[in-house]
Amino acid sequence: MGQDRGRYDFYIGLVLAVSSSLFIGGSFILKKKGLLRLAKKGSMRAGQGGHAYLKEWLWWAGLLSMGMGEAANFAAYAFAPATLVTPLGALSVLVSAILSSYFLNERLNLHGKLGCLLSILGSTVMVIHAPQEEEVENLEDMNSKLADPGFVVFATFVVIVSLILIFVVGPRHGQTNILVYITICSVIGALSVSCVKGLGITIKELFAGKPVLKHPLSWIFLLSLISCVSTQINYLNKALDIFNTSLVTPIYYVFFTTSVLSCSAILFKEWRHMGTDDIIGTFSGFLTIIVGIFLLHAFKDVSFSLANLPLSVRKEDRSTMSANGVLSHTAYELYDNATESQEEILESHSENVSRRNGTIAAH
């Protein structure tokens, strides 16, 4: 019965995680459409300090979609392992990229399409091999896991590294090194996901009629989550303001997901009962998603489509044959045609010269 219940919760969390990506990915399109409509009307744009978007219903629809996506993502952590929910967040990037090509007329080149395909395949592999975490049914179970020596050491290490990066490394190298601010967001994000997991359990017990609000751990989770999320938003905005978004987004995804996977493995012991094939499958799926996100972002400004591929292949074939000292039949034909054209030009030029000479002689 408990195993059936765990599988049922797993599928609920999976549906919520995918729904979250759909809502969040779609929210960017709705907001962008609303802002473009305002720009056509001549209203002051948001980048110039205008707030006319508050009167645009499409922008509010995007905000509502974003809120629904975040709520679904929050609820997903209460049902499914963080190792499954966090990597599936990459689907929101794919949804946004695909919808942008249809509704915003933004170009999605061949690299982007391959990146989307690889990310979907990687997400599918991760879902198939996702670890089944140990049962955490109430706050008492969560409290005992937080007191585990392994997690205490991990959390202490994360806090110390974060403080060093914030107060020592950040002021010196944050403006020039893209990894500083992203690392701060990522390592703190591991703790924020643990807080989200704890709050999800609290809400489940609250709906079950248990007096969880009297438990101090509930308020610790809430205050810790507020501190972690506010710090993440602050330093992520700094990174986005200084460096290129196409670089920040994939690097942040890789660092953040790696931190969450590490924290989840230590806190919930998700890998202890997994087989070797599931461990390999999970890592393979994660690496496939990383490659897909990299292709989607790193080459998004490169104009390359499937129609350019045959031309590139032909050029490579010709250059290879020329390097080997062998000309293809087509090359010989081009050479013969060029020779015949030159001979015809010379003959016509000679005739014209002789005609002009004859005319001059006649006069």
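Backbone N, Cα and C define each Cβ position, glycine as well.
What TrEMBL says about this protein:
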- 12-30: transmembrane segment (TRANSMEM)
- 57-79: transmembrane segment (TRANSMEM)
- 85-104: transmembrane segment (TRANSMEM)
- 111-130: transmembrane segment (TRANSMEM)
- 150-171: transmembrane segment (TRANSMEM)
- 178-199: transmembrane segment (TRANSMEM)
- 219-236: transmembrane segment (TRANSMEM)
- 248-267: transmembrane segment (TRANSMEM)
- 279-299: transmembrane segment (TRANSMEM)
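If you count C-beta pairs under 8 angstroms between the transmembrane segment (279-299) and each of 12-30, 57-79, 85-104, 178-199, 219-236, the highest count goes to 85-104. Same-chain residues lying 6+ beyond the ends of the transmembrane segment (219-236) with a Cβ under 8 Å from its Cβ atoms: 162, 166, 170, 181-182, 184-185, 188-189, 191-192, 195-196, 198-199, 202, 248, 252. With respect to Cβ pairs under 8 Å, the transmembrane segment (85-104) is most closely packed against 12-30, considering the stretches 12-30, 57-79, 150-171. Through the fold, the transmembrane segment (178-199) approaches residues 74, 77-78, 82, 86, 136, 139, 142, 155, 158, 161-162, 165-166, 169-170, 217-218, 221-222, 224-225, 228-229, 231-232, 235-236, 238-239, 242-243, 247-248, 251-252, 255-256, 258-260, 262-264, 267 of its own chain, all at least 6 residues removed from its boundaries and within a Cβ separation under 8 Å.
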